Amino acid sequence: MGVHSFWDIAGPTARPVRLESLEDKRMAVDASIWIYQFLKAVRDQEGNAVKNSHITGFFRRICKLLYFGIRPVFVFDGGVPVLKRETIRQRKERRQGKRESAKSTARKLLALQLQNGSNDNVKNSTPSSGSSVQIFKPQDEWDLPDIPGFKYDKEDARVNSNKTFEKLMNSINGDGLEDIDLDTINPASAEFEELPKATQYLILSSLRLKSRLRMGYSKEQLETIFPNSMDFSRFQIDMVKRRNFFTQKLINTTGFQDGGASKLNEEVINRISGQKSKEYKLTKTNNGWILGLGANDGSDAQKAIVIDDKDAGALVKQLDSNAEDGDVLRWDDLEDNSLKIVRHESSNATTAPQKRSNRSEDEGCDSDECEWEEVELKPKNVKFVEDFSLKAARLPYMGQSLNNAGSKSFLDKRHDQASPSKTTPTMRISRISVEDDDEDYLKQIEEIEMMEAVQLSKMEKKPEADDKSKIAKPVTSKGTEARPPIVQYGLLGAQPDSKQPYHVTNLNSKSESVIKRTSKTVLSEFRPPSQQEDKGAILTEGEQNLNFISHKIPQFDFNNENSLLFQKNTESNVSQEATKEKSPIPEMPSWFSSTASQQLYNPYNTTNFVEDKNVRNEQESGAETTNKGSSYELLTGLNATEILERESEKESSNDENKDDDLEVLSEELFEDVPTKSQISKEAEDNDSRKVESINKEHRKPLIFDYDFSEDEEDNIVENMIKEQEEFDTFKNTTLSTSAERNVAENAFVEDELFEQQMKDKRDSDEVTMDMIKEVQELLSRFGIPYITAPMEAEAQCAELLQLNLVDGIITDDSDVFLFGGTKIYKNMFHEKNYVEFYDAESILKLLGLDRKNMIELAQLLGSDYTNGLKGMGPVSSIEVIAEFGNLKNFKDWYNNGQFDKRKQETENKFEKDLRKKLVNNEIILDDDFPSVMVYDAYMRPEVDHDTTPFVWGVPDLDMLRSFMKTQLGWPHEKSDEILIPLIRDVNKRKKKGKQKRINEFFPREYISGDKKLNTSKRISTATGKLKKRKM
């Protein structure tokens, strides 16, 4: 803080100096007072200290110093002198009182606010004279209050990111289910019951986990999918129902409970009871491992498992013979008592037909020439079983809306076979025959014949030339009996009030699309697993059964621009544009909006030191333009390393073009700045480790501190506001960047209590050692030297100036004059182009104050080493020095005339008024006044006398980026907005060279001349007396 009100005395002697004249000057900077200023002045709307404000403030000031070519040396406080330690003790007692005062003020403020609120309620509740009597209406007990919305922070560790969901969902398909679309599997089907228990357990476990994770969709995606909150609630309830079904099915499969979901086909799974004398072991066979639970466990030929179906072998032989002869299969012969999965395909599907492997491909058959055999269709009594697959969940088609929602739909496997114009996916209803099982084998023969008829419908002239699948038109007789249609409901069609129409699929319809397969492919699917093993199949039994009921997952067709796995196509996809028009993005409801997290109050933005909208606007506009009319394709055949290398090459080429004008001009000040986006991992790791260690340490306050008066602390706040406004202009004009948002100053002040509470909070905060370490880390990355003084930083700055290691001192602490400082620069960051310069020679010449007089003023006004005399202001103190010459004469005058009325009567008007003021303030001047210890502390401070010159390094751009990102969360682009233009301008100025000025050839006093002081009459009279004493 320095000497109280000393700047008011020395202020008239200051001269404005242009910042350009300080180019290439070595300046000692008192860093400790900077930290104190940021701690006291930078506050949020509630008066609390803004976290890391000292880092942002130092970063801003360092950039300005380097821009004007100033070479700074930062000096930090070290130990604490004995006299100052005593002052600190008294200050801490006062700080503790401030803390208690802050609590008391907060209670008063709360009581006042509650009183105001209570008065408003009473006032509003008073009925008017003309108002009618209000009728009481009971509120429904189930009526819930309206919730306008909720807020959350995207950086909250409790909120899972999209990458976390993607990793977790990918792990679900990691246990041999990579090529299986789990969403299409219906655990309630008969085919699922035929799978091995181990496979059923694996599938049910994956489905349970996937249903619990809301199928992997992010918040933004769900907002777009469900614009209505009621639809989202239905989706949640539907997921709970399916998860309960999966859980019950899993319990029944493992044998922990009988009955339940396993009774769909009237089979009960019995739990195996454990016995002490019985063991279960795995036996290795030629085809793998089997679990022996009985005598005929299938481990060898003698212990073969007996199959009840004696006709199965004959049936398979007949199937093989039909496949070899190329017989035609008829579709209506495939009806049996087992479950049929009806796959809904779009009429405009672009699925490529499979190549035929039999001789029917060579012969060929036009669709117009082929006629189908008339087959009698027998209606059957069927019952409908609900589809419990995830694909049939209550989830509408997302299409392009998911991509526009903000994150890629990496889990949408249900619509992978996408067509240019997709229709709404449907819920499949399986049908199960109610006839006896004895007719199964007879129906299988009819199924084979029906499959042969299917082959005729697959024959086309050019199956691979056209984009759309051609449909064979069968010829049927009018008398053919119609098959009962299979009803397919939409996802929301199960609701009675749904507006979506029902889709009815008739197997005799001419518009029904048929997927082409060969007879051998179909036979291979319907052949029992034992026969496939005889053919030398490599797949395990579980995989064979999974392939029996599911197809492989096709390639994903993402349109997410942010993904590294996609690149732009040269041709625009017209069909995707049509899809976007047909599927508009629904409006997000306010209660499900993600913008709330971005509108949360951030205390880091209250200071608003550095902000630019150019880069952000360019990114947003670029994102909008790339979203329009651009399509992407999946990069296959590349691993992650190759993809990252591609992206890195693109980024590096762009950065090189961007920063080509940054060149090395001199190794003394700057060198080439690496602007590639390749921050070393070690730097960021070190930053994270340092931050963690800092957070773990207890942030203890330092012993040293500054003691400002109330008026001086108010001036600090005003000066910081002026500095912020000046920096806005400096950043906008000098660095040629866009205007940033103005600083949010103190919000409304409700009353005097609120203002007093803010002052109390300001007084209670103290500088910590962690703050100093963070600032020193920032200086090292800028390449700026710094030292820690043995004791006082101001004394060390004055010593550096006397040793000619620096050319001036930048500080707002007036103690520097008392330690021997002669060239002081103050208010460096308040004006754009000027700074206040104070010279000890000018002060002596204009005010008549030398170093000894300044120390005597400190004992009257108060400083870090003494509390001063109560009631003594700057004018009275300088009048005392001018009237009595020194403090010893002043003490003799006061003590000798204290009880001598004769002397008091002979005193002049000034002496009478001064004595009256001292007596009213109960001033006692003892033998220790003036203090010799205070005089020695200022005249002979403990400093470092080392004469080693300082060396300035080169700012490390990558290290600065990582530091600002770690400490303040700044992205690299925001740091580059300040650093890159700064380095460019510095290099440009260095290239032009330094111009000689007239003050380098002539003494300064010949240029400036005598300056007329603008002081009060009393100070002018007192300084006149002082100057006469010096003559």
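Backbone N, Cα and C define each Cβ position, glycine as well.
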Look up SER118, SER688, SER1020 in Swiss-Prot and give me whichever carries the note phosphoserine.
-> SER118
Looking at SER419, SER583, which one is marked phosphoserine in Swiss-Prot?
-> SER583
To which of ASP24, ASP30, ASP850 does Swiss-Prot also attribute binding of Mg(2+) 1 at the site defined by ASP77, GLU792, GLU794?
-> ASP30
Candidate annotated as phosphoserine in Swiss-Prot, where the set is SER161, SER367, SER738, SER1008 = SER367
Out of ASP770, ASP864, ASP892, which one does Swiss-Prot list together with ASP813, ASP815 for Mg(2+) 2?
-> ASP864
The annotated region 'Disordered' range in Swiss-Prot, which must be one of 459-480, 613-634, 899-920 | 459-480
As Swiss-Prot has it, region 'Disordered' corresponds, among 262-283, 504-525, 570-591, to residues 570-591
Candidates ASP813, ASP815, ASP864, namely the binding-site residues, that fall within 10 Å of ASP30 (Mg(2+) 1 binding site) by Cα distance = ASP813
CA pair ASP77 (Mg(2+) 1 binding site) / ASP813 (Mg(2+) 2 binding site), Å rounded to integer, equals 13
Between ASP813 (Mg(2+) 2 binding site) and GLU792 (Mg(2+) 1 binding site), what C-alpha distance do you get in Å?
-> 11
Give the sequence-ordered set of same-chain residues, not counting ASP30, ASP77, GLU792, GLU794, with Cβ within 8 Å of the centre of the Cβ atoms defining the Mg(2+) 1 site.
-> SER32, ILE33, VAL75, ALA789, ALA793, ALA795, GLN796, CYS797, THR811, ASP813, ASP815, VAL816
Using all protein chains in view, find how many other C-beta atoms are within 10 Å of the C-beta of GLU792 (Mg(2+) 1 binding site).
-> 30
Residue counts (helix, strand, coil, in that order) that DSSP gives for the region 'N-domain' (1-95) = 52 helix, 17 strand, 26 coil
Spatial separation of GLU794 (Mg(2+) 1 binding site) from ASP815 (Mg(2+) 2 binding site) - C-alpha basis, Å | 7
Express the distance between the Cα positions of GLU792 (Mg(2+) 1 binding site) and ASP864 (Mg(2+) 2 binding site) as a whole number of Å.
-> 11
